[in-house]
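Notes to accompany the following structure.
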């Protein structure tokens, strides 16, 4: 009995919930024995036992508290990183706002400077160097008149062109499509009542700066006022005693200036259908007239060889000399400077404070004729892009020439030539400066000294491609 009890193995109690498993202890003992055995014999088994299982057993185990602490620190770091990122974004936004404010202030300052220079008549934007000569295939030709084009105007929104000719008609064209929008036909002579059209050569036109009124003048001494949108005739101004050769609206108003071969300058109010006053001073037929915002106008005196500035309120005039021939065309560049052309082939730049030209370009379009008898090509039209240094001139030498005015308008340099056959009787820049319109005829607008048979009576739209306008420079 005692022997049986001594040989029987005592049952081991089951491990408690917190006790380490016994198998683990045995495994470690077995592993240790195996290590000892293999360390003596070497071999493949030694490599397997010294791998992951051993490293895992030797690596310190992280408690749950340590893991939670690590996770908690990571969240804090994330919050800190997001906070720094948010602050950086705020800083960048404030910098951008500051840059935008500075840019707006610069823009406002630049605009104010432009306004001051414009009011003083000294604004000169530099655009001429950026103009690229168009290819002949880019020029659009609009045909509809039977005789030579004499004058044209562009609406203030640059969407339509009015052209007039020796055939006594006026045509309104679409700039975009080139189609006729309206035709004002020739009026029959002797028709009873007020004719809704011209019965003689239309020599000049003008459109108000709001695009409401169109004025046209002819050889029969009449000025007709039209509603520009519908081309409906409104009324007729009479009073000139010879052909009406120049018309211009004062910018921002409905005050109309007219000039005539009767040597006078008249002032009208188109909105009120009224005559205001007449000014005298020229000694020969006046050929052309122009005006801007000031209550004054400039005239080209033809054979009397003078350019005159008329101060309407003071009823006074300034007289300028410089050309040697008949001054046939004139155009204001800004309130203080103008350009004129004459039949002696010269183009002149003027400042209102100087009685002589600031710059004079002789033989601006070259010479023609037999050797020893050469004569300069007449300058039949001039145009200027408002408040810039870009000028265009026309003649009958088969080209329109673009010019750059130097600083202070003291120099005139040629830029490029645009091929157009015929008399260039009228030139106008669009207000945006993206195209130039030329009125071409077989004859000069004021006579029939030559006839160019190969020319086509037409309106030509010349695209002007250029880089963005450079910063403003005032003289």
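Positions of Cβ are set from backbone N, Cα and C atoms, glycine also.
According to Swiss-Prot, the features are:
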| type | residues | note |
| --- | --- | --- |
| COMPBIAS | 65-74 | compositional bias 'Acidic residues' |
| MOD_RES | 10 | omega-N-methylarginine |
| MOD_RES | 12 | N6-acetyllysine |
| MOD_RES | 25 | N6-acetyllysine |
| REGION | 1-75 | region 'Disordered' |
| REPEAT | 144-183 | repeat 'WD 1' |
| REPEAT | 239-278 | repeat 'WD 3' |
| REPEAT | 322-360 | repeat 'WD 5' |
Task: Predicted model, mean pLDDT over the repeat 'WD 5' (322-360) - done: 95
Task: Beyond the flanks of the repeat 'WD 1' (144-183) by 6 or more, those residues with Cβ under 8 Å of it - done: 197-207, 209-211, 214, 216, 218, 228, 230-231, 423, 425-426, 428-432, 434-435, 437, 439-445, 457-459, 461
TODO: Please spell out the DSSP helix, strand and coil residue counts for the repeat 'WD 1' (144-183).
DONE: 0 helix, 21 strand, 19 coil
Open item on the list: Let's see if you can do this one: DSSP helix, strand and coil counts over the repeat 'WD 3' (239-278), in that order.
Closed with: 0 helix, 23 strand, 17 coil
